[in-house]
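Visitor: Found this in TrEMBL, in case it helps:
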COMPBIAS  1-18  compositional bias 'Polar residues'
REGION    1-33  region 'Disordered'
TRANSMEM  47-69  transmembrane segment
TRANSMEM  111-131  transmembrane segment
TRANSMEM  151-170  transmembrane segment
TRANSMEM  182-204  transmembrane segment
TRANSMEM  302-324  transmembrane segment
TRANSMEM  331-350  transmembrane segment
TRANSMEM  417-442  transmembrane segment
Amino acid sequence: MGDSAASNTTPLVNTARTSSHRRNSGSKPRDDVAYEDVTDSNFVYEFGGPVGAAAMIVGFPLLMAYQFLCVYDNGGHFLGPDSLADTLPWVERMGARYWEIAAPSWTGARIYLGFTLFMVGLAYVCPGPVMHGYKLPSLNGQRLVYQCNALWSWWIVTLTSLALHFTGVFRLTQIIDNLGPIMTIAMLWSFFLAGALYAVTAATGAKHRASGNVIYDFFMGVCLNPRLGSLDMKLFTELRIPWPVLFFISLSCALKQYEEIGYVTPESTFMVLAHWLYSNACNKGEECVITSWDIFYELESWYLLFWNLAGVPFSYCYSSIYLLKNGPMNFSVGWNVMCYVLLLTAYFFWDTGNSQRNRFRMYWNNTLIKRNAFPQLPKSFIDNAKFLQTRHGNKLLIDGWYAYVRKPHYTADLVMALTWGLITGFGSFFPYFYLTFFLIVLVHRVGRDDARCVRKYGADWDEYMRVVPWKFVPYIY
């Protein structure tokens, strides 16, 4: 690096962790770290501006309703009119059928809102480490405090649900039996929360990065740090609803399959494992999420609330539903083993990649703690990690998996998404919807990240891209 253009201003540095890499009792986050810019005066319309925002506010619920009918009611096959002249009658038939099997119901409301209320209650009472976020300019350099007890909540709700199922108090198969109404309630609930949050934020004059266009601001959000006492809404809605609900949908499908055919297939077991791994990882690493883009920068918005509360659990579950409706699949042992191995390998790199990145940030923020959450994986923390020191004050990790590509956790995430489709075979597109949608989202997000980092770091970012030139796959992309 001695001959690099930025070598005089962005030296390569090594850092050593403490022997226990645990924050000392009573220690506080460092005050000499750089502010994270959450004000960002460089406003540009994203997602097609107000027109694109309006299209997605209308389009995403319709897309979810359409895909639900295709997967839940039509064996995973596309639905369409018989002819051009049949378009309007087909739309009417689709609407009538959706209302017949997915209209809001008291049962759906009790299941979804009851689960949400239970998780909210656990968030207030469960034990867990108290963590500090980044210094925020919008709060005059103050740090928000987070009660990181998602892991306790996750295990309590899992064990409670299993107890209710096996005692017959609440059979988990009721989830798949009432999936349509539950999904509709979730969509309505996300609209209500987004509208209430927008109205309260506007009424109190606390808008952030607002465009002035009501539709666009409702879509993108105007509230940076919504809180109900000690409950951080962004952190709560990102971790404690979407992934546990997704897991319980897959578990419900597997239990329903057992009721119908007397056993659970390897493919359905795969989906339960896949969604358990994902949900467990999100909750066991809650303290790491505090340093993520979504928490410190993104506004709580319709698109975050809708996708976390409704989109993730009810459109990432198509593989599980497809296997229930079309199984048993009777794939070869070799195919299933390949899917399991690929899933577990990708999970290892995804879990450790996220841990390396976030625990590196936490170390330099003096908020790193050690937790014995299951599973503990090697390579989750890098000793003496190499980084680029920027003139902005931040450090860019160039060690571990991040020595090879800038977004290794995204690559592993995409491979896991691929396995969720492969385990169902190739009889339907819908098990691959998650992969398709996720790829589009990640490419867009990486573009947003790069544009913002170019503005933020300038020449230092050029040097970083020279040192780590690949985004997802070394020597390919």
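Numbering starts at 1 and runs along the chain as it is shown here.
Just so it is clear, glycine is given a Cβ too, placed from its N, Cα and C backbone atoms.
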Visitor: Excluding the flanking five residues on each side, which residues at least 6 beyond the ends of the transmembrane segment (47-69) place their CB within less than 8 Å of a CB in that stretch?
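Guide: For the transmembrane segment (47-69), the far contacts come to 79, 94, 97-98, 102, 179-180, 183, 187, 213, 215-216, 218-220, 302-303, 306-307, 310-311, 314-315, 318, 430, 433.
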Visitor: Short question: which residues 6 or more past the ends of the transmembrane segment (182-204) have a Cβ under 8 Å from it?
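Guide: Hits for the transmembrane segment (182-204): 61, 64, 68, 102-105, 108-109, 111-113, 116, 175, 217-218, 221-223, 226, 233, 245, 300-302, 305-306, 308-310, 313-314.
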Visitor: Counting only residues 6 or more past its boundaries, what in the same chain has a CB within less than 8 Å of a CB in the transmembrane segment (417-442)?
Guide: 67, 70-71, 75-78, 267, 270-271, 274, 315-316, 318-319, 322-323, 326, 329, 331, 336, 338-339, 342-343, 346, 407, 410
